[in-house]
Each structure stands twice: as C-alpha cells, then as structure tokens.
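Engineer: Dumping the structure here so I can ask a few things about it.
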Amino acid sequence: MANKSLEIRFLFPLVLFLVVKLLCVDGKGFNNNGHKIRKGRWEGKLKMNFYHNSCPGAEDIVRQIVWKKVEANRSLAPKLLRVHYHDCFVRGCDASLLLDSVAGKAVSEKEARPNLSLSGFEIIDEIKYILEKRCPNTVSCADILTLAARDAVSYEFERPLWNVFTGRVDGRVSLATEAARDLPSAGANFTTLQKLFAESDLDVVDLVALSGAHTIGIAHCGVFGRRLLNFTGKGDTDPSLNPSYASFLKSECSDKSLRLNPSAVVGMDPTGPLAFDSGYFVSLLKNKGLFTSDAALLTDPSAAHIASVFQNSGAFLAQFGRSMIKMSSIKVLTLGDQGGEIRKNCRLVN
C-alpha cells in the first residue's frame with residue numbers, strides 16, 4: 001500500500017504536466033481549437049521599458065508606491081485590478097474610466113452603474129502627481145493604471161507576475177452609456193461572456209483565466225443575492241449552487257428577519273479573499289462559484305476543462321499573466337493616434 005501511494009504521488013504531477021501540454025500551444029498559451037493564438041493588434045505599438053530614456057525609474061516609482069499601499073491595505077489589490085479590467089473593456093485600455101464627469105457634458109464611465117463600487121482612484125492620482133513632477137507630460141495615466149494593477153497583484157509574490165508593455169496614451173472620451181453596454185455582468189451566461197470577450201479579441205482560455213481574478217476581493221450580497229433567495233422569482237435558490245455554500249452565503253447575507261442585506265459583503269473566493277492562487281477554481285469545481293458568471297464557466301465543456309486544469313496554481317498563474325498582457329492591449333492608443341494625449345491630471349482631459 002505504501003509503495004502504491006508513493007507511485008500515485010509521483011505519477012500525479014506527470015499526468016498534470018501532460019494535460020497542460022495537451023492544452024498548450026507552443027508552450028506559450030492555451031487555445032480552444034488547436035490553432036496558434038495570433039499575436040495582439042498592439043504588437044509593434046507597445047514595448048517593454050518604454051520610459052527607460054524619457055522617464056528613467058518610472059516603473060520603479062509605480063511599484064514602490066503600490067506595494068507600500070497594498071502592504072498597508074491588502075484589499076487594494078483586487079480594487080486596482082478591477083479598475084484596470086473595467087477600463088479595458090470599454091474603449092480599450094485608455095484610462096477613460098479615470099475621467100470625472102464635467103458639467104454640461106455626457107456622464108463619464110465612472111458614474112455608470114457597474115462602476116459605482118470601484119475605488120482606488122486616489123492611488124493613481126498620487127502616482128501621476130509624482131511622475132508629473134519628475135517627468136512632465138511623459139507617463140500616461142493608461143500606463144500607470146496598467147502597471148499599478150500588475151504590481152498590486154504581484155505584491156504577495158515580491159516579483160512581477162507578468163510583463164507590462166508600455167507606450168499607451170490616454171483617451172479623451174468617456175461615456176457611461178458605453179460602460180453599461182460593454183462591461184460583462186456578474187449575472188451573464190456563458191454565451192454572453194464569450195461574445196463580449198471575443199469582441200475584445202479574447203478567447204475562451206482568456207475568459208476562464210481572467211475570471212480567476214475573483215480569487216481575491218469581496219462582493220456585496222446585493223450583486224448575487226437573487227441566486228440565494230429569489231432565483232426564479234419564487235423565493236428559491238439557484239440549484240447549481242453547492243447547498244452548503246448556499247447556506248453559508250444566506251447566513252452572511254441575510255438580516256435578522258432573514259431578508260437579503262444587499263450591503264453585506266463576502267469574499268469572492270470561499271478559500272480566502274487575500275491570496276492570489278487557484279482557490280477560485282478549486283471552489284468553482286465544487287459548485288462554489290459566487291456569481292452566475294462564475295457558474296456559467298461550468299456550462300461549457302471547454303471552459304470547464306480549462307477550469308479544472310487551473311486548479312493547479314502554476315498553470316493558472318502562468319496563463320493569467322498571458323491573458324492580462326492580451327487584455328491590457330485592447331484597442332490601445334499610442335503616440336500619433338487620433339484622439340489620444342498624455343493627460344496632466346488623470347481625472348481631466350487637457
């Protein structure tokens with residue numbers, strides 16, 4: 001029996017390796033259909049160390065400020081990651097989400113309903129202020145946000161988890177109506193999610209990997225409360241939800257009268273809201289995905305299979321980095337592109 005246990009223990013990593021290899025394309029990324037993932041539209045526009053000559057040390061400044069902030073408040077990591085995600089899915093990664101509304105003009109993205117719970121903007125403001133004093137009119141808000149999101153997640157690992165290609169400029173248009181239309185909803189089904197991601201040049205593997213960002217952070221019960229107490233309008237619970245997890249969520253989200261308390265919060269990953277690891281996927285495969293959009297991943301065979309592979313933290317972290325590089329390159333504006341600028345203040349166009 002001891003020999004058999006030893007054999008299984010050594011065999012499991014080999015099996016996992018073979019599964020990952022089967023899903024990999026040239027060792028560089030997953031693909032849903034066996035074809036090599038084509039390089040992003042940003043290639044040739046962005047590059048590593050873009051500010052090496054124009055603002056030496058800019059990326060170090062971003063990292064130092066972000067790590068200091070996250071060390072003091074670990075909840076900032078998911079907050080900054082979410083701001084970056086919400087920015088990129090509307091008009092691309094152009095920092096349009098950072099713009100405040102201006103009287104007499106259209107309401108900005110920041111005031112769209114899906115963005116009302118976002119926070120962490122003041123950290124981007126602080127970084128921008130320091131970089132403007134050091135290198136005026138040089139480092140874009142879009143690049144600052146992209147770097148800050150990466151560094152916030154990377155803090156616990158004490159090293160960058162993925163490369164950030166820089167050289168973005170900032171957009172001048174920000175519309176709440178576009179945010180309401182383009183941002184994936186926590187209540188979306190798989191078909192809707194796949195369509196929205198495909199429109200941004202992201203495939204099923206990216207969809208699953210980026211959903212893994214839910215391994216950190218919290219959510220208000222009002223966002224998913226219908227799954228618990230009124231799934232079909234008859235006071236029932238979503239049958240796809242793990243019963244024990246549903247009971248736990250009801251206890252956390254209900255007031256003394258057993259009614260939903262929409263302002264109550266729970267960790268998005270039941271294994272813990274702080275560690276950036278594969279806990280989200282381990283829980284998901286036990287039907288403990290918090291949102292309808294999480295559970296939706298299990299309704300598609302390819303997505304469910306990818307999620308099962310991502311129960312291995314190494315496989316998840318590697319692909320998450322690749323998918324973040326793709327996401328952070330959606331519809332980027334660079335120097336010379338119409339409609340772009342280097343803002344002096346991330347909240348206002350020049």
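Placement of Cβ uses the backbone N, Cα and C atoms for every residue, glycine included.
Copying in the features that Swiss-Prot gives for the protein in this structure:
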- ASP87, VAL90, GLY92, ASP94, SER96: Ca(2+) 1 binding site (BINDING)
- PRO184: substrate binding site (BINDING)
- THR215, ASP269, ASP277: Ca(2+) 2 binding site (BINDING)
- CYS55-CYS135: disulfide bond (DISULFID)
- CYS88-CYS93: disulfide bond (DISULFID)
- CYS141-CYS346: disulfide bond (DISULFID)
- CYS221-CYS253: disulfide bond (DISULFID)
- ASN73: N-linked glycosylation site (CARBOHYD)
- ASN189: N-linked glycosylation site (CARBOHYD)
- ASN230: N-linked glycosylation site (CARBOHYD)
- 1-27: signal peptide (SIGNAL)
Engineer: Taking 8 Å from the centroid of the Cβ atoms of ASP87, VAL90, GLY92, ASP94, SER96 as the cut-off, which other residues in that chain fall inside it around the Ca(2+) 1 site?
Structural biologist: CYS88, PHE89, ARG91, CYS93, ALA95, LEU97, GLU109, ALA142, GLY171, SER174, LYS331
Engineer: Recorded positions ASP87, CYS135, CYS221: which have a Cα within 10 Å of CYS93 (disulfide bond)?
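Structural biologist: Passing the 10 Å Cα cut: ASP87.
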Engineer: Out of these recorded positions, CYS55, VAL90, CYS93, CYS141, CYS346, which one has the fewest other C-beta atoms within 10 Å of its own C-beta?
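Structural biologist: Counting other Cβ atoms within 10 Å of each of the recorded positions CYS55, VAL90, CYS93, CYS141, CYS346 gives the minimum at CYS55.
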Engineer: For Ca(2+) 2, what surrounds THR215, ASP269, ASP277 with a Cβ no more than 8 Å from their Cβ centroid?
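Structural biologist: For the Ca(2+) 2 site the neighbour list reads GLY212, HIS214, ILE216, THR271, GLY272, PRO273, ALA275, PHE276, SER278, GLY279, TYR280.
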Engineer: When DSSP is mapped onto helix/strand/coil, what comes out for ASP269 (Ca(2+) 2 binding site)?
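Structural biologist: Its secondary structure by DSSP: coil.
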Engineer: Can you tell which of the recorded positions GLY92, CYS135, THR215 lies nearest to PRO184 (substrate binding site) in space, using Cα positions?
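Structural biologist: Going through GLY92, CYS135, THR215 one by one, the closest to PRO184 (substrate binding site) is GLY92.
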Engineer: ASN189, THR215, ASN230: which of these recorded positions has the highest Cβ count within 10 Å of its own Cβ?
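Structural biologist: The most densely surrounded of these recorded positions is THR215.
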Engineer: Measuring Cα to Cα, tell me the gap between ASN189 (N-linked glycosylation site) and ASN230 (N-linked glycosylation site) in whole angstrom.
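Structural biologist: Counting only the Cα atoms, the answer is 18 Å.
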Engineer: Out of ASP94, ASP269, CYS346, the recorded positions in the record, which is closest to ASN230 (N-linked glycosylation site) when you go by Cα distance?
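Structural biologist: Smallest Cα separation from ASN230 (N-linked glycosylation site) among ASP94, ASP269, CYS346: ASP269.
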